[in-house]
Amino acid sequence: MNGKRPAEPGPARVGKKGKKEVMAEFSDAVTEETLKKQVAEAWSRRTPFSHEVIVMDMDPFLHCVIPNFIQSQDFLEGLQKELMNLDFHEKYNDLYKFQQSDDLKKRREPHISTLRKILFEDFRSWLSDISKIDLESTIDMSCAKYEFTDALLCHDDELEGRRIAFILYLVPPWDRSMGGTLDLYSIDEHFQPKQIVKSLIPSWNKLVFFEVSPVSFHQVSEVLSEEKSRLSISGWFHGPSLTRPPNYFEPPIPRSPHIPQDHEILYDWINPTYLDMDYQVQIQEEFEESSEILLKEFLKPEKFTKVCEALEHGHVEWSSRGPPNKRFYEKAEESKLPEILKECMKLFRSEALFLLLSNFTGLKLHFLAPSEEDEMNDKKEAETTDITEEGTSHSPPEPENNQMAISNNSQQSNEQTDPEPEENETKKESSVPMCQGELRHWKTGHYTLIHDHSKAEFALDLILYCGCEGWEPEYGGFTSYIAKGEDEELLTVNPESNSLALVYRDRETLKFVKHINHRSLEQKKTFPNRTGFWDFSFIYYE
């Protein structure tokens with residue numbers, strides 16, 4: 001059973017070169033002159049319009065649905081077969097996970113070629129007439145296949161030249177419980193996406209198209225069916241771009257210097273192994289080599305148990321953090337935290353921890369930590385001693401800054417310097433080490449995204465994980481570091497209970513937390529009362 005209507009044999013002919021050509025048309029009811037004028041008037045006036053062959057709505061932005069786009073079912077079945085025989089490539093980054101075909105612009109398969117002509121000649125002409133937009137002949141289309149846990153998160157599709165987006169669905173019988181809906185977002189006063197206000201369910205031969213604009217935020221929700229594939233052809237009609245509103249910049253998250261707190265707080269909270277000076281030297285050597293380290297069993301067991309109990313059973317007030325084109329997770333209201341969690345937050349802001357992190361990393365996060373200049377003087381003194389005692393030194397010269405950040409520049413020459421060295425040196429000399437942090441709750445559907453205004457700067461990331469027992473990488477929720485402008489992963493940090501992750505990143509490195517998919521619900525089999533996991537997330541600046 002495939003739920004499709006019985007098909008009449010579609011017309012076919014043999015082309016000049018002996019190749020089979022197939023014929024098809026899009027819904028002639030849509031092209032009927034009276035209806036066409038009504039649709040054009042609704043588009044012009046930005047008013048809703050509903051008819052059995054086409055529906056236009058303005059909420060939350062202009063979009064249209066043609067339930068039965070192609071007239072020949074036989075053609076659609078032939079098209080589906082050709083598409084399923086294409087090579088698909090996995091598309092995977094912070095924003096999406098699905099499979100995509102190569103560009104269909106030059107494919108010669110008969111059904112694909114015919115659909116291309118229908119869309120970018122016949123339908124484009126009709127669309128130009130009703131929208132009064134001078135749409136170009138640019139062909140921009142591909143085939144996408146979404147399977148279990150695949151998704152495309154919130155975005156606006158806006159790119160130079162894109163005017164109208166379209167999706168033609170070729171799916172088996174489908175309902176809302178299977179996911180894969182096209183979700184449309186409302187916007188707030190800053191033209192940022194706010195919440196999903198409409199979800200369009202895929203169905204066989206349904207065409208959806210919408211105007212690409214600064215407010216056309218949408219997503220493909222996660223596919224929840226383990227048996228069925230969500231197959232579609234999508235693309236854009238190009239034309240003159242709309243004027244964008246001024247960019248909105250979120251208020252910066254406040255940073256604060258350390259809280260005066262003596263070293264006793266470390267002895268109360270932290271595994272004594274990590275307070276041993278010799279072990280700290282070992283940690284620093286490893287950190288300076290790779291710019292990242294995972295310190296397991298970081299908190300004392302009794303403290304960590306109390307923290308987890310407070311998170312799991314305590315009265316923590318959570319609020320959702322957005323907007324969804326940048327992030328979606330829950331943040332704790334710090335002023336209302338149970339006392340044990342307040343104390344843990346205080347630990348990560350304490351003067352003693354700033355100094356401990358300096359010892360772990362070699363960064364100057366405390367005035368007692370040695371500066372690069374101090375280290376250079378020590379090295380010069382040591383080299384002088386070597387030359388005096390041995391007559392010569394066979395050690396290779398050390399680079400001026402031995403603290404390498406996580407970066408896509410794995411082999412930097414000694415001549416590479418900061419773009420603004422003098423300004424940065426002044427900042428370093430006059431700046432006070434700062435931090436910002438929050439307690440986060442991660443569960444199914446949560447994520448963070450890299451966006452146009454993601455700030456890339458030198459920083460030390462600290463994450464302490466809680467409630468991650470049984471958590472698998474395939475669930476998502478890991479923190480991924482990538483080179484700016486690239487999809488290549490430089491480092492992945494997987495959630496691990498009572499493990500402290502430290503990562504030093506540079507201006508060419510960005511990070512995101514991968515979308516947590518529905519596989520994560522398997523955690524409930526072992527921990528029925530637990531939903532996701534938690535982390536204490538802090539960023540430190542020299």
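Glycine is no exception: its Cβ is also placed from the backbone N, Cα and C atoms.
Feature annotation from Swiss-Prot assigns motif 'Nuclear localization signal' to 4-20; the stated evidence is a curator's inference. Confidence across the motif 'Nuclear localization signal' (4-20), taken as the mean pLDDT and rounded to a whole number, stands at 48.
Spatially close to D157 (Fe cation binding site) yet at least six residues away along the chain are A165, V212, S216, H218, W236, judged by Cβ distances under 8 angstroms. Look at Swiss-Prot and you will find H155, D157, H218 tagged as Fe cation binding site, backed by experimental evidence.
Around R230 (2-oxoglutarate binding site), a 10 Å sphere centred on its CB holds 23 further CB atoms from the protein chains shown. Here Swiss-Prot flags Y169, R230 as 2-oxoglutarate binding site.
As annotated by Swiss-Prot, region 'Disordered' applies to 373-435.
Annotation comment: Swiss-Prot describes 400-416 as compositional bias 'Polar residues'.
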Fe cation site, defined by H155, D157, H218: further same-chain residues with Cβ within 8 Å of the Cβ centre: L152, C154, D156, E158, A165, S216, F217, Q219
Rounded to the nearest Å - Cα separation of R230 (2-oxoglutarate binding site) and H155 (Fe cation binding site): 19
Number of other Cβ atoms within 10 Å of the Cβ of Y169 (2-oxoglutarate binding site) across all protein chains: 22
Residue, out of the binding-site residues H155, H218, whose Cβ gathers the largest set of other Cβ atoms within 10 Å: H218
Rounded distance in angstrom between the Cα atoms of H155 (Fe cation binding site) and Y169 (2-oxoglutarate binding site): 20
